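Here's the structure we're looking at; comments come further down.
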Amino acid sequence: MSPVATESMYKPTTINQTAHQQAMDPLKSKQQSNATVNKPAFKPEPAVNLTPIKFAPIKEHQVQRAMVRRYFQDMEERAISDVIIVGAGSAGLSCAYALGTARPDLKITILESNVAPGGGCWLGGQLMSAMVCRKPADEFLDQVGVPYEDEGNFVVVKHAALFTSTVLSKVLAMPNVKMFNATACEDLIIKPCPINPGVQRIAGCVTNWTLVSLNHDHQSCMDPSTITAPLVCSFAGHDGPFGAFCVKRVASAGLSEGLGDMRPLDMERAEDHIANKTREILPGLIVGGMELSEFDGSARMGPTFGAMLLSGKRAAEVALQSLDRVKIEEGEVVGLAK
């Protein structure tokens with residue numbers, strides 16, 4: 001029996017209905033449009049006076065060997081480091097810059113769990129671009145060579161990425177600095193302190209590729225690697241899968257009274273605390289940046305970066321004093337310096 005014709009069967013198709021049909025069946029709509037629409041052919045203007053580009057010949061195995069050789073040479077060389085910096089955000093990079101500039105003889109190794117270093121310093125607050133730094137952090141920007149606009153008590157870098165890319169490029173250009181990104185610190189090396197009996201000392205980092213660290217629940221027997229160092233400077237931040245990792249680990253190991261947990265936002269109190277309280281919380285472990293707020297229970301500062309920069313710089317100063325006090329053999333503290 002034939003269906004009864006209704007008025008709706010004879011209504012013309014609207015533009016909205018056509019768009020809906022195309023969304024439901026894009027392949028069919030594309031075939032129909034190709035059959036009914038005559039598109040004008042695009043004729044690009046011919047390129048004039050452009051020199052042909054011809055790359056030098058290469059074999060795939062050459063690329064592989066060039067990458068593998070350098071990466072594992074770096075791993076072998078940095079199996080013993082002078083300083084490990086955990087976290088390549090604004091505080092960690094500032095520490096690396098200050099430390100590498102002051103002591104080009106030190107082997108500084110940076111561990112960054114993300115593929116892209118920089119932490120939260122590619123943008124300002126709420127995904128906006130400007131970077132606000134309260135004075136006197138402008139002095140550090142001058143040292144690094146980052147331009148800014150002076151607003152009186154604070155300065156503004158036009159885009160946070162300008163600071164991050166500038167300090168990152170200068171840090172990575174230092175011959176004494178090596179960075180392993182996409183590499184997580186998933187534990188700490190902790191040994192009895194040879195200086196203070198009964199006290200434990202941080203003696204390096206346990207590392208793994210981040211994708212492996214994040215998948216231990218899915219596959220067993222993925223053992224890590226290690227880097228030995230007399231000093232670890234941790235700037236692991238306060239969020240993300242590895243946020244505040246080192247202070248959480250020493251708390252779980254029973255080496256601290258626990259975490260203070262970060263308090264709500266108060267810019268003035270927060271920045272003063274973070275910049276001035278950056279310190280060696282345990283023998284061999286200096287903590288700064290937002291990780292320190294999780295340890296001390298201080299306020300968060302929000303989208304102002306001055307304390308991050310000066311916390312990193314302060315950590316470098318503390319690190320140099322700490323290293324000068326101890327005698328080191330094969331990356332391990334064996335006693336006090338004479």
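Note that Cβ sites are derived from N, Cα and C of the backbone, with glycine treated the same way.
In Swiss-Prot this protein carries:
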{"type": "BINDING", "residues": "Ala91, Glu112, Ser113, Gly120, Cys185, Asp223, His238, Met290, Arg300, Met301, Gly302", "note": "substrate binding site"}
{"type": "COMPBIAS", "residues": "11-21", "note": "compositional bias 'Polar residues'"}
{"type": "MOD_RES", "residues": "Cys221", "note": "2,3-didehydroalanine (Cys)"}
{"type": "REGION", "residues": "1-43", "note": "region 'Disordered'"}
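Feature annotations (Swiss-Prot) mapped to structure.
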residue : record                     : contacts (Cβ under 8 Å, 6+ apart)
Ala91   : substrate binding site     : Phe235, Gly288, Gly289, Met290, Met308, Leu309, Ser311, Gly312, Ala315
Ser113  : substrate binding site     : Gly87, Asn181, Ala182, Thr183, Ala184, Cys185, Thr210, Ser213, Gly240, Pro241, Phe242
Cys221  : 2,3-didehydroalanine (Cys) : none
His238  : substrate binding site     : Ala244, Met262, Met290, Glu291, Ser293, Glu294, Arg300
Gly302  : substrate binding site     : Gly125, Leu265, Met267, Ala270
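When other Cβ atoms within 10 Å of the Cβ of Cys185 (substrate binding site) are tallied across all protein chains shown, the result is 27.
The record assigns Ala91, Glu112, Ser113, Gly120, Cys185, Asp223, His238, Met290, Arg300, Met301, Gly302 to the substrate binding site, and the maximum Cα to Cα distance across that set is 37 Å.
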